[in-house]
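These notes concern the structure reproduced below.
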Amino acid sequence: MSLNEHSMQALSWRKLYLSRAKLKASSRTSALLSGFAMVAMVEVQLDAEHDYPRGLLIAFSACTTVLVAVHLFALMISTCILPNIEAVSNVHNLNSVKESPHERMHRHIELAWAFSTVIGTLLFLAEVVLLCWVKFLPLKKNPLDPAENSNSSITSGQAAAIASTSIMVPFGLIFIVFAVHFYRSLVSHKTDRQFQELNELAEFAWLQDQLDHRGDAISPAVTHFA
């Protein structure tokens, strides 16, 4: 095997392990967050005597449904592709990397990763905010608390929901900024690595050419002395 082929196989194995790690992380995250969303939908107890805003109930139902659908889609991709990658990675043969579908399914793996870690996490943050509003909004004022009765514009339930929203909204913005910064840093790192690998491949090719030329130069001399 030439140095160039050996370097290409090492690159393929590195991509295989990265794809496997992404699929494992996506499957664990999607299973956890979708399970939480389903439990929140089932266990939340709506007050039949309270008149909930129609928009709040529609937003909570839609957010929960989309959250579960997104994570189940990512989980389905991980479940379908991961066993094939695991079967190849457990074979102790360098040439078996060609049998792995990780390069052909690269877009699907990245889609599952994005759905699970970016879109799914943002929907989960929105789910927490809506759940706080649905849970705390029916709470009435405490007639025994004079401090609360003096402020007739807001109830304790509304105050709790507003507090959770005011905490979660800045955190969501920080999460978006961090996700964009992380993605740009990752793309920059991949670009640098690709340039480095191209330089290494060029050096390997030059070294292989030098060895071939040296072998061609030695062969006529050996034939002449023979």
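Note that Cβ sites are derived from N, Cα and C of the backbone, with glycine treated the same way.
If you check Swiss-Prot, you'll see Leu137 and Asp192 are listed on opposite sides of the membrane. Note on the topological domain 'Cytoplasmic' (78-110): DSSP counts are 23 helix, 0 strand, 10 coil.
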